[in-house]
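Taken straight from TrEMBL:
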{"type": "DOMAIN", "residues": "A:6-104", "note": "domain 'Pseudouridine synthase I TruA alpha/beta'"}
{"type": "ACT_SITE", "residues": "A:Asp53", "note": "active site, nucleophile"}
{"type": "BINDING", "residues": "A:Tyr111", "note": "substrate binding site"}
{"type": "DOMAIN", "residues": "A:147-247", "note": "domain 'Pseudouridine synthase I TruA alpha/beta'"}
Protein chains: 2
Amino acid sequence: MVRYKAVIAYDGTNFNGFQKQPNGRTVQEEVEKTLQKMNNGSPVTIFGSGRTDAGVHAIGQVIHFDYPQERPLERMRFALDTQTPEDIAVSSVEIVADDFHARYHVVEKTYHFKVQIAKPRSPFRRYYAAYYPYPLDLELIRQALPDLLGTHDFTSFCATGGSIEDKVRTIYQANLEVNEAGTELTFIFRGNGFLYKMIRILVGTLLKIGNGRIPADSIPAILEAQDRNAAGPTAHPEGLYLAEVKY
Amino acid sequence: MVRYKAVIAYDGTNFNGFQKQPNGRTVQEEVEKTLQKMNNGSPVTIFGSGRTDAGVHAIGQVIHFDYPQERPLERMRFALDTQTPEDIAVSSVEIVADDFHARYHVVEKTYHFKVQIAKPRSPFRRYYAAYYPYPLDLELIRQALPDLLGTHDFTSFCATGGSIEDKVRTIYQANLEVNEAGTELTFIFRGNGFLYKMIRILVGTLLKIGNGRIPADSIPAILEAQDRNAAGPTAHPEGLYLAEVKY
């Protein structure tokens with residue numbers, strides 16, 4: 001057996017998330033179906049760096065899997081890329097050590113979150129950015145972002161009901177960019193890991209700050225509260241992109 | 001009756017073109033359904049600046065229609081924009097003279113055609129740009145573009161079977177732009193009018209020129225031939241955008 005690592009991109013619109021499940025089409029299921037075909041019908045299991053929810057996209061999701069033969073890498077990449085459905089692309093394939101694990105060995109993840117602020121709403125972005133039609137003072141958001149940097153207990157920014165005990169994470173980067181036309185925001189978050197729905201709750205909170213309904217200096221108090229109810233709402237999944245995973 | 005002119009945008013992916021027809025969902029049908037609802041159930045007919053085919057998009061399609069009352073323009077725009085489906089947006093509404101006609105009074109149209117050249121193909125652009133995976137020398141295309149400018153008989157660049165007799169059109173602008181990442185081309189064509197599938201045949205021909213399979217200096221001879229077989233193939237509809245219509 002040879003262990004392969006692959007970087008894949010997918011448009012999450014028509015997937016019920018990354019992880020295989022009884023109901024709905026998933027990324028894992030489609031990639032495994034393709035690998036099974038390539039592997040003469042024998043099943044191949046893939047492991048992702050983490051799940052993504054329904055509607056969430058990936059530019060640089062990382063997976064690993066074991067495959068019986070060592071094949072030329074570009075041929076392997078091309079076969080996977082062209083045989084998976086059109087909403088999945090395979091950017092690169094490499095051979096890794098037998099003990100490499102796409103989930104357990106993650107050192108750093110980067111997420112982007114796109115928010116369309118155009119009026120009227122562009123029909124072309126309806127599946128690729130969350131829409132925010134209310135007034136926004138981007139300076140208020142930029143004042144709040146640095147308070148997220150560093151190591152904190154992010155319980156307040158984590159959806160309830162998860163099984164993860166340790167909610168301490170470190171954020172290295174929290175930026176806001178605006179496109180040239182002024183119609184779309186991109187939040188960029190880079191950290192050693194993120195909790196369930198954490199980016200979406202961060203963005204939901206930051207938009208409330210930009211809209212003046214939560215004070216710009218309230219991030220420290222929200223973190224301190226360790227209570228999901230202290231933060232803002234959860235932003236819609238279509239704005240979220242898993243951009244990069246580092247090992 | 002008051003005559004309104006409206007600028008609309010639509011994502012053509014899930015439409016069987018602009019014009020109402022027995023089979024499939026169309027832009028005209030959806031806008032007319034919304035206007036009928038707003039008009040207490042009385043039907044309203046819309047007239048577009050021209051048809052767009054299935055899968056073709058619009059940023060600035062123009063329509064006109066007659067409506068019994070004069071209503072505040074922003075309220076009219078907002079009602080139309082929010083009550084039409086998510087893949088149609090209404091950018092502006094104005095009241096025009098009773099004899100204004102969205103189709104017959106067109107003076108100038110601008111189309112964009114997007115071609116994705118990324119490897120691997122981005123899943124996010126699959127409905128919004130044609131894909132061209134072969135080598136391209138953009139300089140060859142840029143050499144050929146000026147030969148399209150001016151007044152010509154464009155029979156060679158017109159799909160056969162249409163009913164239009166006069167195939168002389170004037171092109172004012174024919175440009176090629178590349179995005180910063182080098183992953184997507186945008187062709188921009190501005191002229192006094194375009195024949196059926198003309199932009200798509202122009203792009204199909206220009207891509208063959210960029211690929212070295214048609215010489216860069218052959219546009220004059222292709223025009224001269226007045227024969228559809230002299231030109232290249234028809235590029236896919238998902239790359240085409242009706243960008244602007246002037247009156």
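Every residue gets a Cβ built from N, Cα and C, even glycine.
Counted within 10 Å of its Cβ, the other Cβ atoms near A:Asp53 (active site, nucleophile) come to 17, all protein chains included. When Cβ atoms from all protein chains are considered, those within 10 Å of the residue listed as 'substrate binding site' total 24, not counting its own. DSSP assignment over the domain 'Pseudouridine synthase I TruA alpha/beta' (A:6-104) gives 26 helix, 28 strand, 45 coil. In the three-state DSSP classification, A:Tyr111 (substrate binding site) falls within a strand.
Rounded to a whole number, the C-alpha distance linking A:Tyr111 (substrate binding site) with the residue listed as 'active site, nucleophile' is 13 angstrom. Helix, strand and coil content of the domain 'Pseudouridine synthase I TruA alpha/beta' (A:147-247), in residues and according to DSSP, is 31 helix, 30 strand, 40 coil. Mean predicted confidence for the domain 'Pseudouridine synthase I TruA alpha/beta' (A:147-247): the pLDDT average there is 96.
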